[in-house]
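Trainee: This is the feature table in TrEMBL:
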{"type": "ACT_SITE", "residues": "Tyr146", "note": "active site, proton donor"}
{"type": "ACT_SITE", "residues": "Lys217", "note": "active site, proton acceptor"}
{"type": "BINDING", "residues": "Arg199, Asn467, Asn512", "note": "(S)-malate binding site"}
{"type": "BINDING", "residues": "Glu288, Asp289, Asp312", "note": "divalent metal cation binding site"}
{"type": "DOMAIN", "residues": "123-303", "note": "domain 'Malic enzyme N-terminal'"}
{"type": "DOMAIN", "residues": "313-557", "note": "domain 'Malic enzyme NAD-binding'"}
Amino acid sequence: MSNFYNQTRAASSLMRRLKRSVINPTAVSRARCFTTTEGHRPTLVHKRSLDILHDPWFNKGTAFSMTERDRLDLRGLLPPNVMSSEQQIERFMVDLKRLEVQARDGPSDPNALAKWRILNRLHDRNETMYYKVLIANIEEYAPIVYTPTVGLVCQNYSGLFRRPRGMYFSAEDRGEMMSMVYNWPADQVDMIVVTDGSRILGLGDLGVQGIGIAIGKLDLYVAAAGINPQRVLPVMIDVGTNNEKLLKNPLYLGLQQHRLDGDEYIAVIDEFMEAVFTRWPNVIVQFEDFQSKWAFKLLQRYRNAHRMFNDDVQGTAGVAIAGLLGAVRAQGRPMIDFPKQKIVVAGAGSAGIGVVNAARKTMARMLGNTEHAFDSAKSQFWVVDANGLITDERENIDPDALPFARNTNEAGRQGLREGSSLVEVVRQVRPDVLLGLSGVGGLFSKEVLEALKGSTSAKPAIFAMSNPTKNAECTPEEAFSIVGDNIIFASGSPFRDVDLGNGQIGHSNQGNNMYLFPGLAAYITEDEVLKGMIFPPISKIRDITKEVAAAVVKEAVEEDLAEGYRDIDARELQKICQNEEEVLEYVENSMWSPEYPTLVYKRG
């Protein structure tokens with residue numbers, strides 16, 4: 001594993017920061033028996049009676065014990081029967097199955113959106129129970145709270161809005177953000193997901209309605225990584241929208257003006273960053289679904305001064321690298337052969353170029369991490385955008401795509417030219433991997449997939465990574481039926497596995513950004529790999545989070561980057577890392593779990 005750690009140093013740094021977002025474990029004996037604040041110690045609250053029942057952070061509903069009902073002036077405000085959390089979930093699940101259809105607004109309201117409505121209502125009234133349901137049913141409900149359903153939610157958010165969640169900073173708030181940030185009730189925030197709504201999934205500019213993507217992403221971080229939900233904050237920065245349909249909609253909740261641009265836009269983002277880092281100096285800020293023109297610029301502007309990252313540039317890249325490394329194994333080759341992979345990339349936006357950059361760096365590290373290795377690794381990529389193959393003849397080429405522009409003479413020797421179509425590139429290159437991050441549904445047409453049958457790999461990999469479902473470059477059914485059974489398939493949105501007949505299953509791997517770290521490729525068993533599985537099943541996500549976090553903690557200590565966390569200083573952390581079981585215990589007990597704490601009233 002040490003080689004793997006060296007290949008994922010960037011992920012190590014990020015995970016080290018994520019460690020700050022969980023609850024403090026305290027060493028209480030020589031054996032270091034860790035406990036967490038939530039669930040093991042009483043929680044002091046400054047409200048009682050109906051105020052408690054109306055607060056989703058503390059509401060337990062019928063699970064309040066009789067002593068708590070007396071202590072918090074709740075006696076008589078709830079039915080007399082005290083129920084366990086298990087009984088509550090059972091009752092909710094029965095209602096959910098019954099209400100899924102009844103909650104629909106009509107034929108145009110898909111069943112998935114009905115599920116989202118019901119889960120959202122639970123989130124509004126009882127946050128602990130909401131996460132308990134989500135964690136217990138993560139495979140079923142992750143596609144509801146995040147992609148693909150979250151795209152539909154964002155498109156309809158102005159009509160779905162019932163109760164505010166998160167914070168909204170707008171162009172009208174310039175000069176006020178430093179004071180506004182103190183309106184948020186939590187004294188400690190560990191994780192912020194922020195969007196400006198300019199490029200939500202592959203749906204384009206959705207303006208203020210893009211807040212849904214930040215909410216959904218943080219829900220997954222709580223469920224999958226054990227981040228404390230009371231210490232996360234979804235944020236929308238509303239600088240206007242260029243979506244004319246929204247501007248003409250009188251029910252639209254955002255600023256009804258065109259987007260700010262240039263220095264005015266930068267000034268708003270600068271003020272926001274200064275405000276949140278002034279109040280919460282150790283917070284991590286994740287930029288989500290910013291349009292390509294700003295994604296790289298903002299990343300470069302802030303990354304060296306603040307704890308931040310861009311999910312589309314770096315997160316998608318991390319997931320893709322995990323999948324690409326897994327694909328090498330699934331092809332029956334050692335991971336060290338990754339630098340030999342020929343990769344055709346469809347899409348030159350922030351996600352596409354982010355993936356290519358990350359893959360190039362990974363290849364270079366495997367080749368010795370020299371300047372020559374870094375330079376030669378770029379020759380493994382052929383990048384195709386809406387105008388075809390990108391070569392050095394391209395006029396007004398995006399600076400971020402320039403390093404991957406193919407040499408014209410070299411392209412000519414391959415039978416290619418500036419602007420060659422995707423099918424021409426696939427036919428001539430015969431790639432090991434066809435990677436789609438274009439946002440164009442159906443781009444991998446029958447002709448393109450037929451061309452991939454000529455791949456020099458006995459088991460070519462197809463990554464249709466664009467979201468939501470309708471924007472996927474192809475479906476697994478199309479891939480398996482056209483290219484053949486012996487392929488590897490992965491997508492950004494979830495698809496069902498394909499029945500290939502004769503008891504054979506064509507696995508549809510989902511490359512969700514919950515799988516943020518390339519190290520996940522190491523957590524697939526050999527048997528799973530041979531079956532074409534390149535990402536771990538989502539049902540194992542919390543176990544895998546624990547393993548990856550423990551590995552990163554140890555790497556941070558080894559690189560002398562560990563700063564400690566609350567009561568545990570760097571020296572104590574170093575001692576913990578000497579024992580594999582202890583570091584796993586430390587991580588596991590640092591992860592938030594949805595258990596009702598004992599509530600004690602204290603006058604504010």
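Heads up, the Cβ atoms here are built off N, Cα and C, so glycines get one too.
Just so you know, TrEMBL annotations are computer predictions that nobody has curated.
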Trainee: Any idea what the model's mean pLDDT is for the domain 'Malic enzyme NAD-binding' (313-557)?
Mentor: 92
Trainee: When you rank Tyr146, Lys217, Glu288, Asp289, Asp312 by Cα distance to Arg199 ((S)-malate binding site), which of the recorded positions ends up on top as the closest?
Mentor: Asp289
Trainee: If one looks at the chain holding Tyr146 (active site, proton donor), which residues at least 6 apart in sequence have a CB under 8 angstroms from its CB?
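Mentor: When sequence neighbours closer than 6 are ignored, Tyr146 (active site, proton donor) has Gly216, Lys217, Asp219, Leu220, Asn512 within Cβ distance under 8 Å.
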Trainee: Could you state the CA-to-CA distance between Glu288 (divalent metal cation binding site) and Asn467 ((S)-malate binding site) to the nearest Å?
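Mentor: Taking the Cα atoms only, Glu288 (divalent metal cation binding site) lies 14 Å from Asn467 ((S)-malate binding site).
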Trainee: For the divalent metal cation site given as Glu288, Asp289, Asp312, which other residues of the same chain have their Cβ within 8 Å of the site's Cβ centre?
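Mentor: Not counting the recorded site residues, we get Thr195, Arg199, Ile200, Ile213, Phe287, Phe290, Ala295, Asn310, Asp311.
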Trainee: Take the Cβ of Asn467 ((S)-malate binding site) and count every other Cβ within 10 Å, whichever protein chain it belongs to.
Mentor: 26
Trainee: Write down the Cα-Cα distance for Asn467 ((S)-malate binding site) and Asp289 (divalent metal cation binding site), rounded and given in Å.
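Mentor: Asp289 (divalent metal cation binding site) and Asn467 ((S)-malate binding site) have their Cα atoms 11 Å apart.
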Trainee: Across all chains shown, how many C-beta atoms besides its own are within 10 angstroms of the C-beta of Arg199 ((S)-malate binding site)?
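Mentor: Taking every protein chain into account, the count is 26.
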Trainee: In sequence order, which same-chain residues at least six apart have a C-beta under 8 angstroms from Asp312 (divalent metal cation binding site)?
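Mentor: Asp312 (divalent metal cation binding site) has long-range Cβ partners Arg199, Phe287, Glu288, Asp289, Phe290, Ala295, Ser350, Ala351, Gly354.
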